[in-house]
Amino acid sequence: SRQVKEQLIKHNIGQRIFGHYVLGLSQGSVSEILARPKPWNKLTVRGKEPFHKMKQFLSDEQNILALRSIQGRQRENPGQSLNRLFQEVPKRRNGSEGNITTRIRASETGSDEAIKSILEQAKRELQVQKTAEPAQPSSTSSSGTSDDAIRSILQQARREMEAQQAALDPALKPAPLSQADLAILSPKLIPSSPMSSVSSYPPLALSLKKPPTAPDTSASTLPNPPALKKESQDAPGLDLPGAAESAQGVLRHVKSELGRSGVWKDHWWSTVQPERKSAAPPEDAKSEEAGGTKEKGGGQGHGPIAASSRDPHHRRSTGRNGPALSPRTPQSSELSLTGASRSETPQNSPLPSSPIVPMSKPAKPSVPPLTPEQYEIYMYQEVDTIELTRQVKEKLAKNGICQRIFGEKVLGLSQGSVSDMLSRPKPWSKLTQKGREPFIRMQLWLNGELGQGVLPVQGQQQGPVLHSVTSLQDPLQQGCVSSESTPKTSASCSPAPESPMSSSESVKSLTELVQQPCPPIETSKDGKPPEPSDPPASDSQPATPLPLSGHSALSIQELVAMSPELDTYGITKRVKEVLTDNNLGQRLFGETILGLTQGSVSDLLSRPKPWHKLSLKGREPFVRMQLWLNDPNNVEKLMDMKRMEKKAYMKRRHSSVSDSQPCEPPSVGIDYSQGASPQPQHQLKKPRVVLAPEEKEALKRAYQQKPYPSPKTIEELATQLNLKTSTVINWFHNYRSRIRRELFIEEIQAGSQGQAGARHSPSARSSGAAPSSEGDSCDGVEAAEGPGAADAEESAPAAAAKSQGGPAEAAVAPEEREEAPRPAEKRSRRPRGPGPGPGRRGGGGPAPGAPAAPAAAARGPSRRPGARAKPRRRRRRRRRHARGGGRRYLSRPARGGPCRARDGAHRSSALPSTSAPAAARRPSSLQSLFGLPEAAGARDSRDNPLRKKKAANLNSIIHRLEKAASREEPIEWEF
């Protein structure tokens, strides 16, 4: 088991292939045997059989080489199931070890010497089988072994085949198999046909599938029988066991293969594609057919065919094998010419073919297998997969290669697998042998040893095709050469990326692709209902990027892949300028040009990424923008779209509004320019609800009782005030929002005042720790509370109604107005005593009022312990009240604050004698808050003006809202 595992890993042979061809077991059974082999003495007779076969397999190097060639062809034709080989013959597992090697070697690869040795071995094994036939009665045919019957069948088949070949000779002359090779090969066919031995049927299946490459579906004859006839002539000593009946069975099988291969051949010649991997089952048959493939390139030049191509004497009978001549997986039409040069005939010559025949299913990506040498270089090295994938991604982005093409041509994986592997590579040590293969391929690709002739297909291979397309399509897209390259690559890359066409065929398909989409392109791009009114624009359309979207999505992707590096910042800047200058919206631009939403367009235009950091998908919008900028008629087309949208919108709006009230054209125009939908515009036309002062008072009193009224309360209020329920709900919502805004303004102002006072108080710098806590507890709170009172008083004329809700409010209001400057006065008095510390918010400024100092000093020590916790509690309480209700919030100035209560008589006596700055006594709340010019300093210069501006702006907005709300007549908002 260990030796077998080593050989399988060394030659990159899968356990599934090994199990099918050598052990006759499933992959799971093989894995179990190799991973956990039982001791010999514990095995049954049947359990020992796989080990006998493995020993026989290891005894000859040719077995390993043959199995490796089968594995290589299986990788080249991944769509083919291995079970296809086992359909024609019943499967059994009791073949002798000699037969195991037979079936492996039947599909051997290698040089001429290897092929000859295989053929000689086949002769010997046929003789062994012939002698063993009496022991296998089931394998002998009951019809007798008449050579004459078989020869007559073979001669008839030969005549039919020569007639077919004569019809194809002008167009095809690939190298046929030599008669000698066919003669040597064919003994395997007839004897193994009647035999049910599994060991010999793969040669039968393979060699039967070899010739069915005749292109004509109607010609249902077999190319093989001539070879069989020659064999029967060349090896007369062999007693052919197959009777007429078995030979007829062989003929029937081969005819069915011929029918399928004829269909495939028509398709192959219709697209002139030499790639075998894209062919359906008959194609797989050809890849399985031959004696072997070359090992070195991991390619698929089969033994007899390769030999025939080297021997000029062989160029005769199997003209249908043309495509099989290319020794490795053909990746482009140039490789088909390689095969053609061997056959001395151009393969691009026109042939009667039916391009209608579709492929049975899309071909899976397939790549040539890696050679053992390539495996050995990297398999046992430690590879940094993260760095490797990073380099691969960079190279893909630099060369504009899509992951799909890279996966199909280099890794043999789907786009999803490639994306997953490149984004989340596993560590090398955690990868299985199969998991390491893609990374080995990536490394070889980076080193230029793999796939270099494949990837340029995307941008360079079809250069002549591009020129022919542009010459054919000069009326189309004359302004933008790059857009002409789009259909080119889409034709080669998108429909059948793994099968590039010849230039003549692709030009034909490209002209169709380029000519057809142009008229419908505008419609598909616009995607708007009023598009039919825009046919004249489609004449001027060709130079715009809009037609690009009319092609397949891949066409723009391929254009992106070939695009040179673009200045994304410059492109977005120009686009923004054009849109702004012409009053075009981003939504219209995004939907019409880029196929994106307004949000995506805004993001692209405001924060464009550098080109090299963008994926292919991310580059697409910038390519579209560039093409749009290059179009001289770009603005006119967008303006037309805008006008059509406007007309459609007005029609919809008119139909929706006509029932209730007529819409006025000017207002509709304004609504459209704002880009709003019909429903919001309809709501904006409703008359504005204006509440009477009595209604406002009643609602405010209700708010003080319950800021969040229940539905029942709302209904009662609406009934009492004769208002709509929705009006009452909206009033409560708006009033709560106003309270929150005022609290926000107060916090901003309090913070700016505290910072200004703390930074510039001379005594603050020399104050001690204990007095600073006292100052913080007192001034900090009042500085936060006093301004709120003044601001609420000044900014809202009806603010007093918020707090008291009764007669008391008249008595409280004057007191509040007088208290507005108190924070400034307190700040001016306090610092004589121990003032707040330098970093405190509630510091004071230099001012008269010396008597305040001793009192502050006396108060300080007794209040120090709880000084810090109280302001925090108060702030939390204040936020709760701001959310829950405005009653206590607005009555806060009346109760004064904790410090005012503690100051006692000293505070009340100091107030009248204090001469505060004149600015602090002004009615304007802003001036009372920010009226101390000496409070501004160098360190505060950066953030204080910004805070002032914010507060002033919010104050002015609220003031205007209050003024507008207090008016009787309905007016529009003015900002």
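Keep in mind that glycine also has a Cβ here, set from the backbone N, Cα and C atoms.
Among the features that Swiss-Prot reports, coiled coil is placed at 113-169, with the record citing sequence analysis.
Under the heading phosphoserine, Swiss-Prot lists Ser207 (among others).
Annotation source Swiss-Prot lists compositional bias 'Basic and acidic residues' at 262-297 (among others).
Taken from Swiss-Prot, the feature phosphoserine applies to Ser349 (among others).
Positions annotated as compositional bias 'Low complexity' by Swiss-Prot: 490-506 (among others).
What Swiss-Prot records for Ser499 (among others) is phosphoserine, and it gives similarity to another entry as the kind of evidence.
Residues annotated as phosphoserine in Swiss-Prot, with similarity to another entry given as evidence: Ser509 (among others).
All protein chains shown were included, and the count of other CB atoms within 10 Å of the CB of Ser710 (phosphoserine) stands at 9. Positions annotated as phosphoserine by Swiss-Prot: Ser710 (among others).
Per Swiss-Prot, compositional bias 'Low complexity' is recorded for 756-773 (among others).
Residues or ranges marked as phosphoserine by Swiss-Prot: Ser777 (among others).
For 780-813 (among others), the entry in Swiss-Prot reads compositional bias 'Low complexity'.
The compositional bias 'Low complexity' annotation in Swiss-Prot covers 850-860 (among others).
Per Swiss-Prot, compositional bias 'Low complexity' is recorded for 907-929 (among others).
As annotated by Swiss-Prot, phosphoserine applies to Ser925 (among others), with the evidence given as similarity to another entry.
Residues or ranges marked as compositional bias 'Basic and acidic residues' by Swiss-Prot: 937-946 (among others).
Marked as phosphoserine by Swiss-Prot on the basis of similarity to another entry: Ser956 (among others). Just so you know, the Cβ of Ser956 (phosphoserine) picks up 13 other Cβ atoms within 10 Å once every protein chain is counted. DSSP assigns Ser956 (phosphoserine) to a helix.
Here Ser956 (phosphoserine) is positioned 33 angstrom away from Ser710 (phosphoserine), judged by their C-alpha atoms.
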